[in-house]
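Q: Structure provided below as C-alpha cells; questions to follow.
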C-alpha cells in the first residue's frame, strides 16, 4: 500500500520524479470559495528553489556565488493550476497543480547508476521496488517536495482566512547556533536564520565545507500563531493528536531525523513543577492563558491556544564529493565520490517545506475538529 | 473526524475511558492462522500495570513500598478475547479484546471537577467536547494505553513469526542517565533501566520527588532487531515513511514530547562525512551492511536492514501535589494541589507502550510492503 | 487489507462471530452531547431478532408457531455500552457496544464441518482464510449484523436530532407483492410488509415453503424523509456519491443481490422527457421542489431534498433441507441437506439492517458535507 | 470530506472539470515493474470519446452522421503520462496522467447560467458548493470519466498479467433488448450491443429520439473472466465485499440508477432450491465448479471462481431540447430547452467506464486479498 497521500479532510496526493515529465499534487477537500491564484503558489515554490530565497534589499536576486548553500541547478519551477479554481476561487473540486521539469540531463548521473550512495535512499529503494531510477534520486529526490510546497501554499491561504500564520526558520546550521531572534531577518539572509550575525558565520562555514567536498546539517524551528490566539482543541485523540500528526508530517520530509515540541528533550530533565505551564485568566481576552509554554502549545495532543512550537533536526546533505566506502548493485565493495550539483546545507530550502507540511496539518485538523462537533 | 484508529492494513481501533465499564481494542487485518491466546496479551498488559514490572528473583512481585515510581492503584486488568480467535489461532476476522475497569471510585476525583490541572489535557478537552469527564481523565487517562498494549501483543506475535523483536528501555530518568547497557537488566529493575546502578540512583531520586510532591521525566530508547537482520524497504514514500509512521505512533502516546532516530539531533551538528554510514558487503550473509548506524536503520524513509533505533522524550508527570496556579471552568483564577494516586515518573510504564506502538507500525508496514509488490 | 470498518467521519468497526464470546461494534466520530442509552440500541436489536418483531395488539410477543418466517433460535441479544457515554450523553470518544452470545451449541453444526453449503460463503471463506469456522457461519453468519444494527441505532439518534427518519419495509416476498402501502401496517405483521393482506398471503406461502424444506426471497424498499425536507447536497463527488455509498452499504449486507434508486431499472426504458423530474418553486417553503421523484431524491450523486428512495433484492435463504449437490473440503462430490434452525425468508429481519446501514450512510455524509464548507 | 479518491491499495484520485485546463488522475499503489505506455491508456480513452467506438471493417472511423448516439463535440483527448513510468515500466511511484481540454467554448452554455436543468446535478451542486460552474457541468460533466478510464487502463494491464479480462456491453437500449449474445459484435456496432440486429433497431430509435429532441436509457452488462478461472476469495468482509465495492464503483458513475448481480432482482422471486448454485468437482482442473451462476460469481461477498456477472441500469440522457419546467437560481419558475451537443443514449460511452471501474475494483481487491494472507 503506497503512501503518497497525506491528510484526511484536507487531503493531498503528490506525484513526480526528479527527472520525469512533471511533478505535482492534487488537493482534495479544500472548501469552495477560497480565493486562489497561481501567484500565491508560485511565491512559495520560489522559496524552495535553490538560491532563490535570498534577495538584496533592492529586490534583485543574489548571484549563485553569494549563495553557496544551494545547488547550482537552474529550475524555473513554474506552476500551472489544472483544475479546481474558477474565476479566482476554489470550487470544492480537486485542485491539481503541476510543475514541469525542464532540466533533465540524466547524463549527469551516469556514474551512480550502479553504486549505492551512502546516506541516500538508493539501496533500500532498489531492494523495495527492484528498479533503479538513477536519474538523480527519482522519487526520493528533494524535488519531490514541490508538490508539498504547492499544496502548502493552498493550506496557508486557508489558514490566512482564520488569521493563522506559520513561520519556520533556521535556528542552527553547520555547527553554528543563532543567539538572537529577529523575525524580520529570516527571509533576508541565505540561511533563513533568525540571527543575521550567526547567518554570516554559517555562510562562511558553508563555503569551507563546499571547498572540502563535505556538507552540514542544522536545526529548524517552527511557530504557529493566531491573530487572536489559536483555536483550542485541534487534534484528534488518541492517535491523530496534533503533535502526532505534526511529527509524521515533519519526519516524512527527507533529511529530518528528529522533532521536539516545546521544551522537548529538555522537558525530560525537568521536574513536574518546572515543566507544567501555570494558567491564569487573561483580562483582555476573557480566556485562560499560559504563563509559560513548555508544552509547545499542545496538551493531551490538543492545541491549548498558545503558540504551537517545535524544532526539527536536519541531517547533513548525504551527497558529498569526498570518497566513501559503499557497494554496488552487483554486490561488490567499491568507493564513490558523488559529483554534480548539490546543496551543502539543506536548512534554508527545508524551511518552506516545513511550513508547508505544518500548514497542511493545521488545515486538516481544523476541518476535522469542526466535523467532530454537533 | 475522530482519531481512534491506527494503522492501515494491520489496523486497530481503541476505546474506553479510565472510569467507564471497560477499555479495549479491535484489531482488523491480522492475517489468519497466527497462534494467539489471552496469555500472550495478558503478559504485556501486566507489564504496563503500576508496580507490576518488578519481580524478585524468586518470581514474587515486589511490594508497592519498593516501587515508588508507580501509582498505588490496584488493577487486575484481566483481558478477554471476544472474537477473531478459534481453536488457538486467528481466523482473519477482527480480534476484539476488552479489559473491564474494576476500580472506579469517581469520588477520588471530586476536587478536580471544575479546576483545570496544569500540564493536563483538561482544558483543551473541555473546549473541544464541551464535556468534563472528571473521573480521572476519561479518555486522556493513561489507562487508554491498555488497548494499545493489547493490540501490540498481537503485533509482537506477528513479528515473532518473522524473527523480529522490539525492545525498549529507560535510558535516562529523573535527571539520571544510564552509563552502561545491559539488556538482561531491563526487566529486573523498577525503572526498566538498562543500567542497574543508574536504576538504583533513579529510584532514590523518585523517592525524594514523591516526598516533595513533585515528579520527573526521562528518555526511553527503542531498538528493533531481526534474527537474520530486518527486512529492507519497509516504509511507504513519500508520506508514510518508516520514521514518519514511528514518529506519529510514539508522539500519539501521552507525555511524549520528542523523538529522534539514530544520531538524531546530534546529526544536525555532524558533517556529511561523519554522519553518512559507509557500506560493505557482508561475507557471511552475502548482503550489504552498514559500518555505522547514524541513520538509525532508516534511509529515505525506508528500513535499511540495520537495527531501527530511536529515542523518545518523556515529560515529567503532570499530576503533582505541590500548589500550582490555574483557572476553573467558570473562568476564575485559583490554585490546585492534585491529590490521589499518581506515578512519579512514567518511564517504566511507558516502555511497554512504546514497544506496542512500534510493533504495530512494523506489522502494518510489513503488510503494506508486501502489498506493493507484483 | 480487511474490511470491517465502514464510514469515514461517522465510522464503525464491527466484530464477532456467530458462536464466539460476543459480537459488537465501536463507533468513532459520533459528536459529543448526543443523548444515548442502552435502551435505544436494545430496541433496534430486538427488531432484528428472530420472531421478535411481531407483537399482538396487547403487546405480548407472538409465539414461534405463528411466526414461521424466523428461525427457532432463542437469543436474548442484550447489549452493553462499554464506553463513550457519560451521564446519558455521548462524550466524543469511541462508543463500544457488545452483545454476548448465549446460545453457542456448536454441536448443531457438526455435519457441515466438511461440506460446502450451496449458496453459502463456506467455500470462498475456506479458500480465503484457510480456516473453517463451521460453527454456524462464523463471521459470515447473519448474527454479524448485530454490530451494524447497534451502530445504526446511534446513527438514527443522530439523524433524529435533525428531523430525519429512515423507514424500510418488505414490498415483495416469497413471490407475493404488496399492492397497497400503509406505513402503520409495517411493524404489525410478521413480514414487515406494507400491505396487511399481502402479508397474510406471504405467511401462508412461508409455511408451505417451510414444510417443503425450501425458502424464498423478496424485495425491501427504503425511504429517507425529513421533517422539513432533507438537506440538499449530501454526497461527495465523484466517487463517494450518495447513491454510491448507499449501494455499497446495502450490498455489504448478506443476501442482497441488487439495488435500484427511484425508477431504477424502469428508468432504463423511459425517455428523458418521461424520466426527468420537473421543478417548481414551492410557495410554502420558498424552496424548489420536484414534481415527480424518478431520481429517488438523488441527482449527480447528491441529495436533492426530495425523499431518498431505493429498493433492494433479497435472495432466498441458502440453508434449505432439500437435498443439494455439493463438494467437501477434501475435493469429493457429495450431497447435503442443511438441517437446523433457519429462516425461510429473511425480509422481515433484514428490514432493520437496511435501516441501520442507511442511517449510517446519512450520518456520515451529513458530517462530510459540513466538513466541506468554509 | 471530499470524495475524489477511489480504492485502497490500488488507489486513484481524479481531477478536472469539463471546461478547465485539463482532466486527469493519479494512481498510487500500482506495483513496480508493470509494462505501461501511453498507447495502452490512449486506446481506452478513445473508446469513451463521442463517435469514436465505431469503426468500419477497413478501420476508418465512421462519420458522425452514422453515429447519432454520440455528441457532436470533437475532442482529441490525448493523454500524457507525467510520472511513475521509467523505461516502459511502472516504478512503484504514483502514476499521473493528464488530458488537456482543447474545446472549451464556454459561450455554448450561456443560457444555462442561471436555470437548473431537470435531471442534472445543477441544483444540488449549487446548493452544496455555492458556486455555479455553468461551463457544461464542470465536475459533474461526463468528461470527468476521463480520469477513471485512464486509471482503468492501468488496472486492466495489471489484471492482464493475471489472465483476467473485463468485458461490458449494451444489452438493452432505448427500449430495445438484445436477443442474442455475440462477443465479437460488441465493438463493431455504434451501440456496443451484443446483438447486431438489435443494434440496428436501437440506432433507428436513437435517430427518432434525436429528431424529437428526446433521449433514452438502457442496460449494460459486465462479465469478468479468468484464463484459468478467477481467483477465489476476492472481497473483504464484512463491508468491503466484492459486490459492495462493485456496487459503489458502478453507482458512482453518472446516470447509473441500479445494479444487480447474477440473477439479481429475479433471485428475489426464486426459491432457495432454484437459486442455489450446485457444486461439483471439475475433473479437468481438480477444483470445485458451479453448475449454474445465479450468484453472479459472488457468495458471502467473496468471489467464487465463477465469472463475475452484473447488470447496470442507465437512465436516459437528461439534456433534451424539449421544453421542461424548472426554476432558476433566483427562485423563479421558468421553462428550459437544453440546446447544444448532447448524446441521445449514453450506453455505448458508458461501457468503457464500467469496464474501467470494474477493473479498478478487481485490482484493488487482488492486492487486498494478498495483503490479508500470512
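Glycine too: its Cβ is placed from the backbone N, Cα and C atoms.
Straight from TrEMBL, here's the annotation block:
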| type | residues | note |
| --- | --- | --- |
| REGION | A:42-73 | region 'Disordered' |
| COMPBIAS | A:42-65 | compositional bias 'Basic and acidic residues' |
| BINDING | A:48 | NADP(+) binding site |
| BINDING | A:139, A:140, A:141, A:300, A:315, A:316, A:317, A:318, A:319, A:341 | FMN binding site |
Q: Short of 8 angstroms on C-beta distance to chain B, which of the listed binding-site residues (A:48, A:141, A:315, A:317) are there?
A: A:315, A:317
Q: Hey, how far is residue A:315 (FMN binding site) from the residue listed as 'NADP(+) binding site', Cα to Cα, in Å?
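A: Between the alpha carbons of residue A:315 (FMN binding site) and the residue listed as 'NADP(+) binding site' there are 18 Å.
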Q: Please identify, among the binding-site residues A:139, A:141, A:317, A:319, the one with the smallest Cα-Cα distance to residue A:48 (NADP(+) binding site).
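A: Comparing Cα positions, the candidate nearest residue A:48 (NADP(+) binding site) turns out to be A:141.
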Q: Would you mind listing, in sequence order, the residues at least six apart from residue A:141 (FMN binding site) in the same chain with a Cβ closer than 8 Å to its Cβ?
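A: For residue A:141 (FMN binding site), the qualifying residues are A:17, A:18.
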Q: Cβ within less than 8 Å of a chain D Cβ is the test here; which of the binding-site residues A:48, A:139, A:141, A:315, A:319 meet it?
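A: Going by the Cβ criterion (under 8 Å to chain D), the qualifying binding-site residues are A:139.
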Q: Could you give the maximum C-alpha to C-alpha distance in Å for the residues A:139, A:140, A:141, A:300, A:315, A:316, A:317, A:318, A:319, A:341 that bind FMN per the record?
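A: 44 Å is the greatest Cα spacing among the residues binding FMN.
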Q: By the count of other Cβ atoms within 10 Å, pick out the sparsest of the binding-site residues A:139, A:319.
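A: Ranked by other Cβ atoms within 10 Å, the binding-site residues A:139, A:319 bottom out at A:319.
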Q: Including all protein chains shown, what's the count of other C-beta atoms within 10 A of the C-beta of residue A:48 (NADP(+) binding site)?
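A: 26, counting other Cβ atoms within 10 Å of residue A:48 (NADP(+) binding site).
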Q: Tell me, how many other CB atoms lie within 10 A of the CB of residue A:315 (FMN binding site), whichever protein chain they belong to?
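A: Looking across every protein chain shown, the total is 29.
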Q: How would DSSP class residue A:139 (FMN binding site) in three states?
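A: SS state of residue A:139 (FMN binding site) = helix.
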Q: CB neighbours of residue A:317 (FMN binding site) within 10 A?
A: 26
Q: So, in DSSP terms, is residue A:317 (FMN binding site) helix, strand, or coil?
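A: For residue A:317 (FMN binding site) - judged by DSSP and reduced to three states - the answer is coil.
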